[in-house]
Amino acid sequence: MESQASENGSQTSSGVTDDYSSWYIEEPLGAEEVQPEGVNPLCQPTVPPALHHACLASLSLLALLLLALLVRRRRLWPHCAHCRPGLPSPVDFLAGNRSWTVPTAVFVALFSNLCLLLPDENPLPFLNRTAASSPDGEPETSRGPWKLLALLYYPALYYPLAACATAGHRAAYLLGTVLSWVHVSVQVWQRAECPQDPKIYKHYSLLASLPLLLSLGFLSLWYPVQVVQSIRHRTGAGSQGLQTSYSEKYLRALLCPKKLDSCSHPASKRSLLSRAWAFSQHSIYTPEPGFCLPLKLVISATLTGTATYQVALLLLVSVVPTVQKVRAGITTDVSYLLAGFGIVLSEDRQEVVELVKHHLWAVEACYISALVLSCSLTFLLLIRSLRTHRANLKALHRGAALDLGPPLQSTHPSRQAIVCWMSFSAYQTAFSCLGLLVQQVIFFLGTTILAFLVFVPLLHGRNLLLLRSLESTWPFWLTLVLAVILQNIAANWVFLESHHGYPELTNRRMLCVATFLLFPINMLVGAIMAIWRVLLSSLYNTVHLGQMDLSLLPQRAASLDPGYHTYRNFLRIEASQSHPGVIAFCALLLHVPSPQPQPPLAPQDSLRPAAEEEGMQLLQTKDLMAKGAGPKGSRSRARWGLAYTLLHNPSLQAFRKAALTSAKANGTQP
């Protein structure tokens with residue numbers, strides 16, 4: 001019996017053990033963890049990113065040293081450092097004859113890499129930093145200092161890639177080909193090996209790297225083309241004639257303007273299509289022959305478009321997939337959750353589920369609509385601002401004074417102006433990012449309020465809060481509307497009278513009586529107008545937050561707006577240091593043979609006062625008589641504009657012979 005009992009006990013214990021072991025069959029074994037549903041496991045590439053970046057950094061440093069041997073510092077120290085290597089310039093911002101494609105592509109690649117730093121745990125990939133964990137399991141070290149170092153690392157990484165284009169040497173183009181191919185190969189390899197990333201969204205890393213891949217792909221094609229062209233032409237100095245092509249085109253377009261076709265056809269005889277085209281030309285930016293935007297403005301516009309894409313992508317993938325998952329996981333338990341807050345949508349639980357899903361779908365639709373509206377407004381204002389930039393630069397080139405707030409004290413470069421010019425593109429990109437973010441928040445709140453107070457209640461026939469509030473307060477609103485309508489009718493028919501075709505104030509006694517009696521009601525109307533003023537100004541400033549060519553403050557306080565202040569000083573440097581007319585005349589002077597010695601003339605380094613006054617009258621942009629003077633008047637104004645520019649341009653005044661200590665006026669030597 002004892003043996004049988006022990007046998008039964010062993011069987012029972014083993015059976016219980018078997019039963020208990022079956023309970024933990026789904027539990028993780030050892031240190032393994034179960035990935036949540038819908039989350040992809042972290043990709044482990046065959047070649048770690050640390051090795052990729054170590055190779056890229058070494059190759060970039062080697063390329064920079066080779067470029068330093070090619071580029072000599074003859075411009076700074078022509079005698080004492082004739083054979084010493086110098087640091088090549090990555091971008092020549094003030095040269096209007098340079099191609100804008102390579103600097104723009106490099107800046108897009110740099111900005112895209114900085115955007116990819118946002119979800120990255122290792123900002124510096126070649127430093128595999130494992131953060132020490134605290135007893136609570138949280139990392140003790142912060143990634144902030146490493147991300148600050150990454151902000152300096154990536155510009156240094158792409159520095160040689162941009163400098164190879166400015167060197168203008170066949171070996172530099174070949175070096176740029178190798179660098180661009182290595183960069184694009186590393187990026188394509190990483191995206192092909194790990195197309196999905198569990199951070200933020202599985203496809204976010206791939207979608208955010210599209211501008212990076214496009215810019216590097218363009219550079220990998222541009223540099224080989226330059227190598228082939230340099231081998232075919234067998235010369236590297238043949239670009240000197242091309243350097244002044246833009247300046248010559250500018251002078252031709254300025255001195256020989258073509259008659260517009262719209263002037264020969266009256267406005268009444270033009271078709272609807274031509275009117276629409278003329279309106280689009282006046283409202284948005286269209287290329288104009290003979291004028292090119294400065295390189296900084298082109299880079300800023302491209303970075304604004306890239307920033308809009310990156311911010312919109314981040315806003316989209318960080319919210320919409322989460323809302324979709326929440327909507328798909330709603331069950332009947334949500335009715336109990338809402339009942340706990342005192343919200344009873346329906347007695348039927350299944351109907352509550354459908355209503356909640358429909359409301360979440362409405363929230364998602366409002367969010368996407370607000371994002372589309374924000375991106376559309378950003379692009380439209382960007383195109384419009386390019387036209388404003390061109391108009392302001394053309395006016396400054398011809399010596400006109402712009403209504404850009406308080407007048408500048410001097411047109412000469414200053415410390416503040418140089419700092420503003422250096423930071424213009426960076427400010428424009430940051431303003432665009434923040435402006436799109438603020439627009440998204442404001443538009444999302446507005447569309448959500450409109451949807452849940454108007455459209456959703458009307459569709460479902462319940463929760464008509466807005467209509468109920470209007471039903472209870474309709475006497476108040478009717479009184480205000482009638483007061484405004486009656487005042488307008490009385491102002492038009494009672495208090496105004498025409499005498500000999502001129503309106504004149506009449507019935508002054510009745511006017512004073514009506515003003516006194518309607519004072520309380522007008523005070524209520526004023527409160528409504530004050531709320532409308534706040535909303536309108538907030539909406540206006542939100543829409544134009546990304547524009548630096550427009551002050552968000554009144555004209556008297558325009559200098560307090562940091563963005564507008566930066567824009568004014570940027571125009572000041574661009575108009576004085578990279579004037580195409582000045583560049584063209586300097587190029588002509590360099591190519592003109594030295595003249596025969598002439599007898600010394602009377603000192604004269606400027607126009608006669610009467611002649612300069614006559615020229616300034618021609619330069620007045622608001623003179624209607626000068627505008628209607630025809631082609632001869634426009635040609636005269638253009639010539640006087642060039643003369644005024646060559647006399648007063650700050651980049652030339654310091655180098656004219658009258659300003660030198662060892663020379664007399666008009667170039668006469670002692």
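Just so it is clear, glycine is given a Cβ too, placed from its N, Cα and C backbone atoms.
Note that the coordinates shown come from a computational prediction; the quantities given were computed from them, not determined experimentally.
Topology check against Swiss-Prot: Val91 and Ala417 fall in the same compartment relative to the membrane. Counting same-chain residues at least six beyond the ends of the topological domain 'Extracellular' (445-474), those with a Cβ under 8 angstroms from any Cβ of the stretch are 355, 359, 362-363, 365-366, 369-370. Counted over residue pairs 6 or more apart, the CB atoms of the transmembrane segment (424-444) and the transmembrane segment (475-495) come under 8 Å in fewer than three pairs, which marks the two as apart.
As a quick check, the transmembrane segment (99-119) and the transmembrane segment (369-389) miss the bar of 3 or more Cβ pairs under 8 A, pairs 6 or more apart, so the two do not touch. Across all of the topological domain 'Extracellular' (190-205), the predicted model scores a mean pLDDT of 78. In this chain, the transmembrane segment (475-495) does not touch the transmembrane segment (51-71); fewer than three CB pairs sit within less than 8 A of each other, excluding pairs fewer than 6 residues apart. Taking H, G and I as helix, E and B as strand and the rest as coil, DSSP gives the topological domain 'Extracellular' (445-474) the counts 26 helix, 0 strand, 4 coil. For the transmembrane segment (206-226), the partner stretch with the most Cβ pairs below 8 Å, chosen from 145-165, 369-389, 475-495, is 145-165. Across the topological domain 'Cytoplasmic' (496-510), DSSP assigns 3 helix, 8 strand, 4 coil. If one looks beyond the transmembrane segment (475-495) by at least 6 residues along the same chain, the residues whose Cβ comes under 8 Å of a Cβ in the stretch are 505-507, 510-511, 514, 518, 521-522, 524-525, 528.
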